[in-house]
């Protein structure tokens, strides 16, 4: 018994000793500096991740943009990376190309131009990056490969960069190759040549937006390729790099990272990798996929953004924890600052980085995220331990004379569920060139000489609510601000506002599917085009739309309800699809591909004439009207039980839609 008492006392003393004794860390620029900091950013696209953002009414849309881009307000991002739209499915939808066809150029399609302008308006120094996920079909000459004609691909990409400047006064700083797909050395060299020939010497190339290898090996053995590439960009590197990448002396970036549900564990993931991407892997930029979760949440990777803005119909948005975790770094350091060599891991878990502008300013960011509270979506996270600890930082070199540091703290507090983020504490007085902190687990601290930090706020946005049960759009917009109609989320193909000059009647302004050739794809696009809309929970509803086929004999269009899949799974989407064809037939199918037929027959429909389709789904039965008259009824629908409404075409073909309406009971 006495032995046990002595043991207990000794154990308590040991624990107290471990906690009370502060480990010491030196922050010193005399020993030399580390790598130049290039910034923290967000990625819009790859794909259609900002689709719903553009539909927000003011002031809410501007408030969201302020939280993302406005300096000293929210995330204060240094980098905006966007998809160079390629008319193909690239995760959560398609983004339109500026060149659907070889003789076509339109630099006002989509919303990435607008987003870059808004970012630049708030932060003129923001770095802009463009990267293709897919390419229009003509670039590949009918093959699902962009490198057989590298001169065409290079000219296509460069035209996007030139258009950004000519039409929007946007200087693109970096361009990538082909997101997470094979690179081609010949193409990269030709891209560099084409950029230079076009007066774009300042535009730098990132390669290859995939894994560290094989691009690193290729750079080591091909000097001409090495001369063309400025940044090695890796995706989801797990905070580590490879020796060969370090040997190249190139900038190393985590050019896509995070991709994690933006709850507090997601915030913890972001906190850990923002520090440890440099501590472990010497990566000087980290870019979040995605910038803002502004797409239907039931599409793939719902809420995997720095914040959430998925309800333009209510105006509701949520400033999630990753916004404030970002601010711990972005509000107190800028691209061009330099990491100290004295960065690293804390003895009892966690990490610290320090940056300087070489003009006397110092910013230190500390994170103590535990394993289970910082798991990212990928790669797998090996076990590690973090415990409460005291730490002492000794300021050396040019920092020895610092007398005061501003302090900002975030505490996740998974135990009591009372977290707080980006809280300004009292300034820390420095005594004898050192200071001591008591760190708990799952915290983030910033200590800095910069005094301009601010936790920006706006009045609470409107409360959350479902998509309207009664919805109508006649597309009568003479001068639309964007090329796409609100709330429609294209999943294969591109649906654009169209002025139908051949129809002086009620269908002058329509929505038109415009992609006529399978693109060079990134995901597995459907063979049919489809755009979804509404509430994924919808079960019993009526969908009505006027349709106009533009392909004789083989043309076909549909309206649909209960569509259960989008994104990279769109080919396998099920639902209730009501098709009419230009050969005078109709079909009702339980799937997009059209294999499971629920009803079929003659419709008398032809191309180049308007027809009104009405689909009602109630319980296990579906009924269809053509031009207001019953065409088929009581088709048995065993599943799915719920899903979006949709419109689309039988193939990559031109077709128009007008007066789209939904009336849902649930």
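Here the Cβ of each residue, glycine as well, is placed from N, Cα and C on the backbone.
Taken from Swiss-Prot, the feature active site, proton donor/acceptor covers 180. The active site, nucleophile annotation in Swiss-Prot covers 256. For 91, 133, 179, 378, the entry in Swiss-Prot reads substrate binding site, with the evidence type similarity to another entry. As annotated by Swiss-Prot, disulfide bond applies to 269-376, with the evidence given as similarity to another entry. Look at Swiss-Prot and you will find 125, 361, 385, 390, 500, 540 tagged as N-linked glycosylation site. Annotated signal peptide per Swiss-Prot: 1-22, in sequence order, evidence recorded as sequence analysis.
Distribution of Swiss-Prot features across the structure.
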{"residue": "125", "record": "N-linked glycosylation site", "Cβ within 10 Å": "11"}
{"residue": "133", "record": "substrate binding site", "Cβ within 10 Å": "28"}
{"residue": "179", "record": "substrate binding site", "Cβ within 10 Å": "26"}
{"residue": "180", "record": "active site, proton donor/acceptor", "Cβ within 10 Å": "15"}
{"residue": "256", "record": "active site, nucleophile", "Cβ within 10 Å": "26"}
{"residue": "269", "record": "disulfide bond", "Cβ within 10 Å": "26"}
{"residue": "376", "record": "disulfide bond", "Cβ within 10 Å": "22"}
{"residue": "378", "record": "substrate binding site", "Cβ within 10 Å": "13"}
{"residue": "385", "record": "N-linked glycosylation site", "Cβ within 10 Å": "9"}
{"residue": "390", "record": "N-linked glycosylation site", "Cβ within 10 Å": "16"}
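The Cβ neighbour count for residue 91 (substrate binding site), using a 10 Å radius over every protein chain in view, is 26.
The Cα of residue 378 (substrate binding site) lies closest to that of 269, out of the recorded positions 269, 361, 385. Annotation: no recorded positions among 91, 133, 256 have CA atoms within 10 angstroms of the CA of residue 500 (N-linked glycosylation site). Considering only the recorded positions 125, 376, 390, residue 180 (active site, proton donor/acceptor) has 376 as its nearest partner by CA-CA distance. The Cβ of residue 361 (N-linked glycosylation site) has 18 other Cβ atoms within 10 Å, all protein chains considered. If you draw a 10 Å sphere around the CB of residue 500 (N-linked glycosylation site), it holds 15 other CB atoms from the protein chains shown. Cβ neighbours within 10 Å of residue 540 (N-linked glycosylation site), excluding its own Cβ and spanning all shown chains: 15.
When the alpha carbons of residue 125 (N-linked glycosylation site) and residue 133 (substrate binding site) are compared, the span between them is 26 angstrom. Rounded to a whole number, the C-alpha distance linking residue 179 (substrate binding site) with the residue listed as 'active site, nucleophile' is 10 angstrom. If you take the Cα of residue 390 (N-linked glycosylation site) and the Cα of residue 256 (active site, nucleophile), they are about 34 angstrom apart, rounded to a whole number. With residue 133 (substrate binding site) as the anchor, the candidate recorded positions are 256, 269, 361, and the one with the nearest CA is 256. Residue 385 (N-linked glycosylation site) sits 15 Å from residue 269 (disulfide bond), taking the CA atoms of both as reference points.
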